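As given in TrEMBL:
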type	residues	note
DOMAIN	225-479	domain 'GP-PDE'
TRANSMEM	39-63	transmembrane segment
TRANSMEM	83-111	transmembrane segment
TRANSMEM	123-141	transmembrane segment
TRANSMEM	161-181	transmembrane segment
TRANSMEM	190-210	transmembrane segment
TRANSMEM	491-512	transmembrane segment
Amino acid sequence: MADPPGCCHPCATCLLCLYSCHWVTPKKRKGLKTSKCDCSWFLFLFCVFLFTLVWLYFTIVILNDFHNFNEFIFKQRKLWLDWSLVLLIATATLITYSAVLLVLALCLQLCGQPLKLHWLHKILLILTALVVAAAFTGLGIKWAEEWRSARISLQATGPFLHIGIVGGMTLLAWPLASFIYRTRNKGLKVFLLLVYCAVMIALYLAPLGITSPCIMEENQLPPKPALVGHRGAPMLAPENTLMSLHKAVDCDVQVFETDVMVSADGVPFLMHDEELTRTTNVQAVFPERAALNSTAFNWTDLQQLDAGSWFLERRPFPTVQSLSAGDRYQVTKQRIPSLEQALEAAKQSNISIMFDLRPENHSDYQSFVNATLKVILQSGIPLQQVLWLPDGFREEVKQQAPGVQQIYGRKRLQNEKEPLLHVNLPYQDMSSEEIRQYRQDNISVNLYVVNQPWLFSVLWCSGVSSVTTNACQVLKEMKHPIWLLPSSTYLMIWIVVDCVSLLVILWAFLLLKYVLMPFPLPGQSETDVLLTKINSLMQE
């Protein structure tokens, strides 16, 4: 088989060597042909690459919520690790491997070489497909809400994914044209052309189904959402500490979101986990009681615990590495703060405080509510700065502290007795249309937990009132959504991309027709081609 122009023998040999995992000389290469089995493996390779590429996209999307996964693993295994790094490294390895193999196969096709995939590559491709399938299955079983996160992400990436996919399919026209001009199977030619044309037509019309709240005019952009510090500023200081509260204030948050528990002797304090092992040194101070519920400790015991050093040891976020020496020293001095101390700090900083009261299923929960209300009323903080989240005994709270703002963790009902003014929900639970409707009805919507700028941009364009975030230092610096396109501009981009793609595809087929047609098809000798040319000239 003659190599087409621009494809030298050494290059073709090296490509085939990498793809087939053995050295094939030019003489041996002439006897090799791409069988139907080889074509099937190429199709499988292409599907594995797409499958892995989709998983890479999911990996990037779920990074917004990965701290929750790290906390879940710690709760189950008492092992802290930033599993997002493990996930990214594994995903990058799989996508790189399948992409390199695909590029090799496409280059071989352009060079007119046989696609003889080595058995080792076949095994590794099957393993790659199984690993990614297992990852998707695990995601669906244990973390199903991330499917909704992926749908939301398409509002941020849809227009750009469309351009990228059109570009990729356009480039695929080159090896496709090469294959069509080389094969003698007319049925296969027609089938591939029909499939390719159908896919391209679908892609050209895809923007008709792409919607995004950020496709709007500049003057229609809602105000920037207010920031709610999730347990303070947990990327800059240990969560639920006074240092974290002050760091959140520096990030211009309007609300400090926290979690409250009540000690065995009736003192409300800040703590998220039911056990103290993750965010304190309780295993060193009280090793025999480390597994007890946080509410089993009295306030004197709690004050003996170090609530900061774990932050430097476990590094829950990459930002820990960039802390200054002064901040690192301050971290080591943190203790578990009482609710009274947090209210005083919030009052001094003139920010609101929003909290859950845990654990909701405790037998003494009503006494927890009473103890918490007592501290709030005695603190002197303006009651409108207190945002009450717990649903238990809400009516009693309204009676004892009518000035406290009631925040509901649910959507409004059709027959709502009392109109909702504030709702606090996961960001996956509200669509852009619902957010706009609530905004029109003067209902404040806070969504949690929003860490990535792309997600913040989508919610900003949707008109959300505020977001709870771990990354207040990042979102503070955003003066504008990542992108904002008027519909007329997006229409122009859509038309230009489709037209350029169509021209490139036509060019690829026409150019390769003139480049490859002088070369023999599989099973056709160069003499046959020469005789065909002479016959054509004589007829002219």
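Placement of Cβ uses the backbone N, Cα and C atoms for every residue, glycine included.
Please treat TrEMBL annotations as automatic predictions, because they have not gone through curation.
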Give the nonlocal contacts of the transmembrane segment (83-111) in its own chain as ranges (CB under 8 Å, at least six residues past its ends).
3-4, 7, 11-12, 15-16, 18-19, 42, 45-46, 48-49, 52-53, 55-56, 59, 63, 66, 69-70, 73, 117, 121, 124-125, 128, 131-132, 172, 174-175, 178-179
Contact call for the transmembrane segment (161-181) and the transmembrane segment (190-210): at least 3 Cβ pairs under 8 Å, seq gap 6+:
yes
What same-chain residues lie close to the transmembrane segment (123-141): Cβ under 8 Å, and 6 or more beyond its ends?
44-45, 47-48, 51-52, 55, 58, 62, 90, 94, 97-98, 101, 147
Do any residues of this chain, six or more beyond the ends of the transmembrane segment (190-210), have a C-beta under 8 angstroms from a C-beta of it, and if so which?
154, 158-159, 162, 165-166, 169, 172-173, 176, 179-180, 490, 494, 498, 501-502, 505
